[in-house]
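Trainee: So that we are looking at the same thing, I have put the structure below in structure tokens.
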Amino acid sequence: MSKSGSEVWWKIENLGKRRWAFMVFLGMLILHGSAILVFTRGFLLTRTELSQYSHCSDIQQSPCFSPLDDQLVNHSKGCWTKPAVDRIVIIVLDALRYDFVAPSTFFEEKKPWMDRLQVLHKLASQPGSFAKIFKAIADPPTTSLQRLKGLTTGGLPTFIDVGNSFGAPAIIEDNLIYQMAKNGKRVVMMGDDTWVQLFPHHFNISHPFPSFNVKDLDTVDNGCIEHLFPYLYKEDWDVLIAHFLGVDHAGHIFGVDSTEMIEKLDQYNGILEKVVDVLESLSGPGGLHENTLLLVMGDHGQTINGDHGGGAPEEVETSLFAMSLQKHPSFSLPSETDSSSCRLDMEKRKICTSSIEQLDFATTVSALLGIPYPFGSIGRVNPELYALAAGTWDLDNFTPESGINFSRFERWMQNYVNVLCMNTWQVKRYIDVYSASSVIGFSDKDMSHVSDLYAQAHDIWLHTKEDVTSLPQLKKQVEAYSNFLSSIAALARSKWTEFNVKMMGTGLCILVFSLFVHIFTIKKLDKLCSSCYLPRGGNFVISFEAIFAYAAVLIRAFSFLSNSFILEEGKVASFLLATAGMLQLRHAIVKKTMLLEGLLFVLVVPFLRVGIELGQSKQAVNSLFLKSFPSWTVGIERSSNLWIYVADILPFLALIILAYILYKSIRHSSCQGLFKFVVVGTIFASSLIALAWALDGNLFSPSMVIVDIKAYWIPRIIYVFGLLQLLLLAISLLCGKEKTSGWEEDTIVKATAMLSAWSSTIIILSGKQGPLVALAAVIQGWCIIRLMTLEQDGNESSTSYSSPVAKSSLLAVCLFFCTGHWCAFDGLRYAAAFVGFDEFNLVRQAALLTIDTFGFSHILPVMGLPLIVACRQHPEIVQAEKRKRLFFFQLCQVYLMYGLIMATSMTLTIICVTIQRRHLMVWGLFAPKFVFDAVGLLLTDFFICFASLYYFA
């Protein structure tokens, strides 16, 4: 056959192989996607959102209703209950930690961010003051959207809220804001635009501001300040909501222990002081705020690193400060309170704090305003918050001899019993409707228990109506209602989610089936590979390194069955990688070769482990690489500049080394044409990154031009360069002219160009840690490839690639954790999405966040896998066609093995969340782990498909 005829035949055969490989990998992607989709439909379900709404007329169906009762509906302004306040001012300080509000004396150690809101301490400590600090307990997940939904509906939002409004963020079930608008309350909102997304048609007036740019600490807050104070003097509203975001954004970017956070808290103290002054100046008899309630509250807390989303105590514990401006005659609160904790603050003022469940917020505010409770609310009217505006509450310490006006106190008690009666009836009605209309609902045993508790409370209610002057009977009634409501809340928290076990099992079976498909295809390729060799006999062995590779994959996968190992997943991966390195070093010593590579591989692992340790604290990472006095991490005094200089210099050195490696790669290889331009472009991009960091230092004056260049123009130029580099690689793929002297070398050039095209964008998104992580990845990758020759021993089956592929997967896991990520939504580095931009665009910011999160751990490892095959020599195969065919088969094997490792981990994750679906930490730990692994597997499959088109061309 002529040379031209042979080339035509090879192109036709190669085209068929490329299509075959792509179809195999696409099939795996579809299998995994189907398994995850089916499992998700069964696992990430929530309670059924009912379409029913509460109405004023519903009270006639309640056993609490009495036409003769002057405490209920016979009030011109009331509906279900007698209104206790005329107006409410709700100031939401996003991510308000409990220790931001409570005095530092309530905690073991005083921190710099404590005691900053002194105006609240002053108000809560005044004798006879109707102001109090509450520790507000939120239910996870503690993201702002779901917390606002929980606050306004009185329900328990779970991991993913699935309603009937496909993809629409608006709340469709009954809620507090809807009831306000429906019952004539004029609501004004300003601040976080999430409110407008959730309630698009409920506000009389709204002033929303974009909330997604976490780098912006002031725009939303300044907008609130601009509109808040003028409205305090106006009469055209009944409820005012101002949602500030500065503390939340300061936490995300700088952490709690930062100058920016303290400045924000000081600013808020000044704002609240002015708000209180205005309200008090207009609170006299006949004044605009004579009967106004001020609520200063957080939607959730935040960790010391500024994160939230999970169920850690720092995340679920936030604050609520309540102050009633109405003047209560006749009596005041006694010195002792039954559920409060009292201490002296730093100014020796006595301050008492109580606790409240955020679940109770919607119902309590509804009762204070005299509007129907949201239909799906399962909260209880909180006695202390209700008493703050509706009268005095000290049930346990009350005695007729205490001097308190008995008749007035008893009237208030009867009123509160009536309120709890409506509260209990509404919750019982909702539970009955929910259980009847939901696919699964509650079990018969649970419903029987609920009915018994309600019947007991109702029986006591009947006796209470007969003996209205008996205080012990009123106490017994309150206790019965409280037991019923607390039992409902506990039942909902334990069994709220409707798990479809059949769909979960189907998804698991599909994923297990994909594992067998992986194994079958790998073994099939083994037979095809054997046809490329000369006949040999009896030399098939499985090395100890291959056995350890299988064991390491299974050990890591099965560790997911324990929540403790999930929390320490990065450390587990680094331990397994270090163990693999020690085995390789031992092998190198025995064979007296590759000693440098073995030793280098082992020495780099501790540096990855240090990165993982620092990565578990975003503040530590930010401090180390963003110059926020990192000396505490290594025990160096803050006054020392040594660590600051080291942290400044190391990223530049790493960038220079990486650029030099790229330069050497194009200098000593046959990299020509477009491939060469791509690599040179990355070297130029590296110089731009170095320039941006240099401009960020103290060498240049911080002019607006300098700020714009380093913050906007340089990142955008690098993004454009990355897109152009990928476009050039696509052109080279279509043209098919960029061929080198050999198939293996051609693949090496392709891989180098592809990795360099992605690296610049990933590094600039990662910050100054990026070059160090990239350099560690390059060193470890080089060591894995070099040490691979120790394991050949004449074995050319798939087992010969097991060890390097397994080590590559472990390295990828380590890279994920040492870049400051972990498998939780507070493990996302949201600031990376705004590198180069201030304004929010969903697609753009999602793409940047995805690249930052999965760049080092998924994109680069997948695109670099062909180097394992290309760098392996086969001198015994003389025929070029057989070598190409063998290379194709082995590269398919390597990608299938990598996909098998990822799928195995995903399978054990699914088994874990299936077993632990009723675990206390299911939504705080197991569900986020499932989501991250699912996204990681699908991204891996996608880039494997992409790689099959690129490398098999």
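First residue shown is number 1, and so on along the chain.
Glycine is no exception: its Cβ is also placed from the backbone N, Cα and C atoms.
Note that TrEMBL annotation is computational and uncurated.
Keep in mind that what you see is a predicted model, and the values were worked out from it rather than measured.
What TrEMBL records for this protein is below:
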- 20-44: transmembrane segment (TRANSMEM)
- 503-520: transmembrane segment (TRANSMEM)
- 540-561: transmembrane segment (TRANSMEM)
- 594-612: transmembrane segment (TRANSMEM)
- 642-662: transmembrane segment (TRANSMEM)
- 674-693: transmembrane segment (TRANSMEM)
- 713-735: transmembrane segment (TRANSMEM)
- 891-911: transmembrane segment (TRANSMEM)
- 931-952: transmembrane segment (TRANSMEM)
Trainee: Is the number of Cβ-Cβ pairs under 8 Å between the transmembrane segment (503-520) and the transmembrane segment (931-952) three or more, considering only pairs separated by 6 or more positions?
Mentor: no
Trainee: Quick test of the contact rule: Cβ under 8 Å, at least six residues beyond the ends. What residues does that give for the transmembrane segment (713-735)?
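Mentor: For the transmembrane segment (713-735), the nonlocal Cβ contacts are 673-675, 677-678, 681-682, 684-685, 688-689, 691-692, 750, 753-754, 756-758, 760-761, 764, 835-837, 949-950, 953.
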Trainee: Please indicate, using numbers and ranges, the residues of the same chain that are 6 or more beyond the transmembrane segment (674-693) and have a C-beta under 8 Å from a C-beta there.
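Mentor: Distant Cβ neighbours of the transmembrane segment (674-693) are 651-652, 655, 658-659, 662-663, 665-666, 709-710, 714-715, 717-718, 721-722, 724-725, 728-729, 731-732, 738, 749-750, 752-753, 756-757, 759-760, 763-764, 768, 771.
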Trainee: What stretch in 20-44, 540-561, 594-612, 642-662 has the biggest tally of Cβ pairs under 8 Å against the transmembrane segment (891-911)?
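Mentor: Between the candidates 20-44, 540-561, 594-612, 642-662, the best contact partner of the transmembrane segment (891-911) is 540-561.
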Trainee: Sequence-remote contacts (6 or more beyond its ends) of the transmembrane segment (540-561), Cβ cut-off under 8 Å?
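Mentor: Residues 569, 572-573, 576, 579-580, 583-584, 587, 790-791, 793-795, 797, 799-800, 802-803, 805-807, 809-810, 813, 901, 904-905, 907-909, 911-912, 915, 929 contact the transmembrane segment (540-561) from elsewhere in the chain.
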Trainee: List, by number or range, the same-chain residues at least 6 past the transmembrane segment (594-612) whose CB is under 8 A from its CB atoms?
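Mentor: Distant contacts of the transmembrane segment (594-612): 570-571, 574, 577-578, 581-582, 584-585, 587-588, 769, 772-773, 776, 779-780, 782-784, 786-787, 789-790, 814-815, 817-819.
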